[in-house]
C-alpha cells in the first residue's frame, strides 16, 4: 500500500501508483476541479505526477502562492505559443512567472505596440478555448540541442549548451508548440481564460547590457474574469497613489539626477519625516530605550569582525583613508556593538535597549531603484537589545508589542513570517536551533499566527518579519526582529554575571519602520497623500477672501503657529474658489476662510479636506479641536 499524508494530517492509502489528480478526485470532485498543482515531499509538481511511494502531499488551488506560480508559468507558455502563431519568425528566450503575473522575452524585429498586444492576447484566449493538453517529455542533452536547432530557437540552444552533458532536458508540449522548461504546468490550457497583456519593455538577454536587447511582454492571469477586473482596478488605483507622482505633486521629495538612488527631502517632506522621527523617539523613550549615533564610515577590521566584509561586501561602498580600507556602513549593528564594548557591564544592566536612527548606504543596481521604495541611502530605525538568556522571551514579546502599537497608529494590519537559517550563515546548528525556537515560542505565547519562510534569515540569526497590509491590500515587509547569538561572540561582548565570571549576552536586532524613506513611500500610497492631521506637512491653510482681510489672516496664522500647528497663509490675489481648489489639491486637512463676517465675529470659517464645509466657529474652539486631533494621532483612511 502507498500511504499519502495530506496537509490536514489525514492519510490516504492506495494499492497502486496514482497520479496527483486522481488523489484529488479520491477526496472530492470539487477539489479536483479547483486544484492546479501540488507538492510531493516539498517539491512542486504537476497534476500528472505519479506517486509510487509513501509521501507528504499538499494540493494547491489558484489562491495558493504555488498555485499562482504554476498557473502563470503556463500562461507564459500560452503567450509564447500565441507569439509563434502570429510571428513565426520570433525567437523565444525565457518566460517565467513573477509576482502578480508573468513575462516572456522574445527576439523579434517588429517593434510591438499596444495594438499588437491586443492581437496576441486574443490569440492566447483562443488557445485557452482549444483546451490543448500539456504534456511533459524528456530528452538527452544532445537530442534536446538538435530539437531546438531544428526549430531555430537560438536562445534555447544557448541555455541547453550551458547544462552538463549528462543532463536530461525536459520540455512541455501543447498542441503543435513545444518549449524548453523545467515545469511544472497545468494539465491543459483551458483554465487560463482571464488574461491581460499589460506592457512591453526592453530587456537585455540574460540581463547583460553587452547582449542583444529583447522585447519583454508582461502579463497577468487569473482563473476568473471578475478577479482579473478587480486586480486591474487595483492597479489603476495604485497608479493614482504612486508615491513618486504624489511626492512630486505635494512637494515632498525628489531624486536628483546628480544622485540616483539618493533621495532629497524638500521642506514639506522634512516636516513629515521629522514628525515620524518625533513619534518614534517618543515611543522608544517610553519603552526604556536609549539613543546613540554611530559613525557612518568605519574601517575594514570592524567589518571583518562583524562578518559583513565576507558576507555583504558586494552591497557596500568602500573607500581608502590614509591607505587603509574603510566602508560606509550598510547596517547600524556594528555601531551598537562598539557602544556596548565602550564600557563594562553587569548582569544588572540588562535588558539594555540601544536605539539608533542611523544613516546607511547600500549599493543597489540602477535598474532596481524605485523612488523611495528602493534607494541607495536611507535612515534605518535600528535598535539592539542586549540581555540575559532568560530574558529573551519577554524582550521579544516587548518588541512585538511595541511594533504592534506603532503600526496600529497608522491603521495598518500585518502578518508575521518566521525566517529560518540561510545557506550562507554563521554559527552552529545548536545555536541556530536555540535562536529559532526562542522566536517561535515567543510568538506562540503571544498567540500571534505566523508562517515559516525557510532559509530567508539573516546570515547571523533567524528573524521575524512584519508584513504590513495597506488600504489596497498590498503587503510591505517593514518591521523585523532578529535574535543574534553570533555577533556578541564576534565582538567579544561580555558582562559580569552573579557568579563574578564573564558571560556572553544575547542580542536582538530590530526595526519597526525599517527604512524611514521606504516607510514614507508606503504612507504616501496608503493615505493617497491625504495624511492624517498629525502627519500632514501643512495642517492648516488660511485663505483670506481679499487683501483687506490680510491683517486678520496674519493674526490667525500667528495664533496657530504659536500653538505649534503647521500653518500656511495663501496671500495671493486670487479668487477664493481658486484658493480652495488649490488647497484641496495640496491635500491640506483644514482650510480657514476669513472674510468680513469672520473679522467682525472674530471667527474662522472652517472647511475640511475630508468632510467639506464645517461652518463658522471661534478660533479658540478650532485650535482646541485640531490640537486634540493632533495629540491623539488619529489616522483615519479617507477614500
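Numbering starts at 1 and runs along the chain as it is shown here.
Using the three backbone atoms N, Cα and C, a Cβ is placed for every residue, glycine included.
Confidence annotation: the domain 'TGS' (1-61) carries a mean pLDDT of 95 in the model. The domain 'TGS' annotation in Swiss-Prot covers 1-61.
Marked as region 'Catalytic' by Swiss-Prot: 242-532.
Residues or ranges marked as Zn(2+) binding site by Swiss-Prot on the basis of sequence analysis: 333, 384, 509. Counting every protein chain shown, the Cβ of residue 333 (Zn(2+) binding site) has 25 other Cβ atoms within 10 Å.
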### Query
Considering the binding-site residues 384, 509, which residue's Cβ sits among the greatest number of other Cβ atoms within 10 Å?
384
### Task
Could you find out if DSSP has residue 384 (Zn(2+) binding site) as helix, strand or coil?
strand
### Query
For the domain 'TGS' (1-61), what are the DSSP-based totals of helix, strand and coil residues?
14 helix, 29 strand, 18 coil
